[in-house]
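Features reported for this protein in Swiss-Prot:
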type: DOMAIN; residues: 295-566; note: domain 'Radical SAM core'
type: BINDING; residues: Cys309, Cys313, Cys316; note: [4Fe-4S] cluster binding site
type: REGION; residues: 598-643; note: region 'Disordered'
type: COMPBIAS; residues: 600-609; note: compositional bias 'Basic residues'
type: COMPBIAS; residues: 610-621; note: compositional bias 'Low complexity'
type: COMPBIAS; residues: 630-643; note: compositional bias 'Basic residues'
Amino acid sequence: MSNMDFLPISKEDLKKRNIDVLDFIIVTGDAYVDHPSFGTAIIGRVLEREGFTVGIIAQPNWNNIEDFKKLGKPKYGFLVNSGNIDSMVNHYTASKKKRHDDFYSPGGKSGYRPDRAVIVYCNKIKEAFKDSPIIIGGIEASLRRFAHYDYWDNSVRRSILEDSSADLLIYGMGEKPIVQVSNLLRYGMKIDSIKNVRGTTYIEKDIFSLKDYIEIPSFEEVSTNKKSYAEAYKIQYYEQDSIRGKTLVQKHKERYVVQNPPQPPLSQEEMDEVYALPYARTYHPMYEAEGGIPAIKEVKFSITSHRGCYGSCSFCALTFHQGRVIQNRSQDSILKEANMMTNMKDFKGYIHDVGGPTANFRHRACKVQEKHGTCKNKQCVFPKACKNLIVDHKEYLSLLRKIRKIPNVKKVFIRSGIRFDYLMYDKNDEFFKELCEHHISGQLKVAPEHISDKVLNLMGKPTRNVYDSFVKKYYDINKKIHKNQFLVPYLMSSHPGSDLKAAIELAQYIKKMGYTPEQVQDFYPTPGSLSTTMYYTGINPLTEEKVYIPKDQKEKRMQRALLQFSIHDNYDLVKEALIKAHREDLIGNGPDCLIPYNKPYKKSHKKNNAKNNNNHYNKNNNKNKDISKKNKKNSLSKHKKRK
């Protein structure tokens, strides 16, 4: 592919297109990948469709002001995002250790973007072009639009609008608001006059002219009072709906952060249009010499069938970004994309995914949402299925069947995550059977996350009984279709509410599973999630009940070690945890013991595991022993895929 297949990145590109001045310049923390899995590509192509000229400055050197000047000053302004992931999550692990790789950068190497990329980029743009409007968006800006707890600073930070000095913030999925804002700018409106576009947040000196709004506790209150923080979050959480959501206001000293209600979800026709835009569907050629951009490998032959999720897991901030209402593409749109993939030169016959945040949520949760919006005080599938929930996999199944019939398609996988409780609510087993028969390759990854019901309740996840029923049914179906396939559970340690007792309960369950999972993630307090609010305040903001928070680093290490108790290097921590919890009954050589009395030699320990001694593995281990190696993912990937 040539540079002309991409949006312009240099003055040379502008000359070839006879462009003197760009309308907009997108500055992003990711490398430039022109694929609909990347927000920069979507916003760039949407604006191009509307008749605007758009350039890309990808991963500029933040220590060199000239990098921000290389495309000149745009006519209407700069659009700034950190990339597909919050820059701090991208750079640091849950234990705040620096990551050494970056799937969104050339060659997978780190160091191409600064911490708090949105703030840094905005400050540099202001330095280069003092009066140029700046609009921020993407996940980093979206989830930091109000005063928020910042795990890396261990303090409450102001709205990112204050820290970045940006003129406007677009939150959530930005196609509709960016078109409306850009057209207003084209018609001559000044950026500081744009205050009525849904899906935007701005700063106001006074709020006398506002109507029908809710003022939440101020930055000064939430940064000094945890009850006020919890109260502010609760209001934000309940008002993220395009039909019933109110304008929200939060005072920051003498100014006000104002969030307009969310944009209505995209219609099916609008979704189809977005995904039919002329993407190059790969990374820019300038990265070829550095080994390309690793992130494209996972998505190049994957299809986004829908957006949104009504699962409402507490540790996921999707409600604040994509929303609870499902927005799906038509089958024709998806089939066209699948057919197009088969003509790509490096297509090997495998479509890696057809899904979204949760693969089997292909339609709205209920008919009520269409007229009244999402319910304010209850969830669709938690703690149990709502009576109005539409449980039906027929349309999704028919789509998968059609894709399977496309010439040159050998296999269609589902990797974006199956919500197992929703699957169990379906009385028709047809989808479950075909899922096992056609859409997994030896193993299915699911996310029970924990096994203690008190922790699951705080996570917003179904009870242990639901997962146990799913596991039994999964293996029963595989037995009937004569397939020897396994489950790989995602598990989380140190979530709010998880004490040593709960971690030991999970360790005992893992022992019965028969192998040590590598898919273990420490809870990561990222901006915008309900669980992060619990972590910071020690309060469940929805119930106002106190929550136990494992913040001590030693205890967090113990909890993680318990989930991988059979790993030799974890022996001392596991033993210390069991003694601290007064569970010495789990130390010894009995069938229920997690570890022996004495720490074995490392080689002997491995040999014991393989021989099934000490009961660290059950009879399934020989079949299952290679699962962890084949599925090793970095913790960023695990964080994104949880359902």
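Cβ coordinates are placed from backbone N, Cα and C, and glycine is handled just like the others.
Cys316 ([4Fe-4S] cluster binding site) falls within neither a helix nor a strand when secondary structure is assigned with DSSP, and so counts as coil. The secondary structure of Cys309 ([4Fe-4S] cluster binding site), as reduced to three states from DSSP, is coil rather than helix or strand. Its Cβ placed at the centre, Cys309 ([4Fe-4S] cluster binding site) has 25 other Cβ atoms within 10 Å.
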